[in-house]
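Here is the structure we will look at.
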Amino acid sequence: MECSYFGKCGSCTLYALDYEAQVTHKKEAMQTLFESLHVKKFDFFESASEHYRGRAEFRIWKEGEKISYAMGAMDKKGAVCIDACPKVEERIDTLMPKLLKAIEDVRVLRERIFAIEFLSSSEHLLVTLIYHKPLDEAWEEEAKKLEKAFGIFVIGRSRGMKKVFSQDFVEERFSLEGKAYRYHIIEGGFSQPNRAMNQKMIGWVLSHLESCEDLLELYCGYGNFTLPMAGKFKKVLATEISKTSIASALKNCELNDVSNITFLRLSAEELTSALNKERVFNRLAGIDLDAYAFSHVFVDPPRSGMDEKSLAFISRFETIIYISCNLQTLKRDLEVLSQNYSIEHFALFDQFPNTEHLESGVILKRL
Ligand SMILES: C[S@@+](CC[C@H](N)C(=O)[O-])C[C@H]1O[C@@H](n2cnc3c(N)ncnc32)[C@H](O)[C@@H]1O
């Protein structure tokens, strides 16, 4: 990837290496990190080396009436103004300068704007404009014009305020193993940033599912993995802390006509207490937890990894599928799990080219 801000913008750190060399570097780093766990074999899924991010956030820098996109500087001192970012999907890249100019030209859109977020899917592009001021009717009138002019969905946000004109979600469609999936991905909820890699991750998980009874999922988001996995299990119980994501997940069940999943808004810690019968939750009323025969547990925690209690809790299931966006916390958790489990499959998904970050998947079987 070519970028005139390499070395100045703090977002890309592996810019000195071409993509092939980055892959070699990441494979070597992975081997060193997991040496003590005797991981010798792993799959590596390469990404496109540019235009791979479907989700991107930029700060807005102002000088008089001129505005620019900005990213944190490499030396962590302040920001770097940029006029393009080759990491983002082409439709975002194409829109960025035109949108900025349209905002700059209209005082009510320009004043006190401090960030712009882009969320792209196979069907739509949604843009969130974030302000340090209340959004009034004059702002609404101009923001609606942006939707029409660029064929996008626009959302306005300011403290305690969210303005939606058309819709606050994008629709993502893809097919895997001959089956078509549709998702509503809501603005503000979690979504995987590299859409092509996301499909590779789901495909990899599906290809390794066997002897399936019931599935327990923690950190399920909007059902990204849940819906395709549900086709392989009798029943699924999937949980997540975010109300927004659970609302999307329920919608996605409807859209895909899937009826064997129960989605619940429960944190991993709460679910652990409930299944350990330490606490009773109203949100579990009418759900017979004893009716599940969980053969698999699937976890995809945030960067911090799993809390100790939840980690101990999942160590009772036959098969654990662990997706992680942080190799350090994954290693920490695998050091605990590998006392009672063998690592059957390990895969790396290069969701974040040009950075040291990697997404990973591990399948563990109880010894
Ligand atoms: C890495 S995302 C994965 C989501 C989903 N698997 C996907 O692929 O889109 C982690 C998810 O965990 C949720 N989360 C964060 N802390 C949590 C907790 N303590 N308990 C349950 N869910 C949590 C977040 O809201 C987020 O949706």
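Every residue, even glycine, has its Cβ placed from backbone N, Cα and C.
Automated prediction, rather than curation, is the source of TrEMBL annotations.
In TrEMBL this protein carries:
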type: ACT_SITE; residues: C325; note: active site, nucleophile
type: ACT_SITE; residues: C325; note: active site
type: BINDING; residues: Q192, Y219, E240, D300; note: S-adenosyl-L-methionine binding site
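Counting only the Cα atoms, the space from Q192 (S-adenosyl-L-methionine binding site) to the residue listed as 'active site, nucleophile' is about 10 angstrom.
The Cβ of Y219 (S-adenosyl-L-methionine binding site) has T239, E240, I241, A268, V299, D300, P301, P302 as same-chain neighbours under 8 Å, each 6 or more residues away in sequence.
Fewest Cβ neighbours within 10 Å among the binding-site residues E240, D300: this applies to D300.
Apart from the site residues Q192, Y219, E240, D300, the chain places the Cβ of F190, C220, G221, N224, F225, P301, I323 no farther than 8 Å from the centroid of the site's Cβ atoms, the recorded S-adenosyl-L-methionine location. Note: C325 (active site, nucleophile) has non-local neighbours P302, R303, Q351, H357, E359, S360, i.e. same-chain residues 6+ apart with C-beta under 8 A of its own C-beta.
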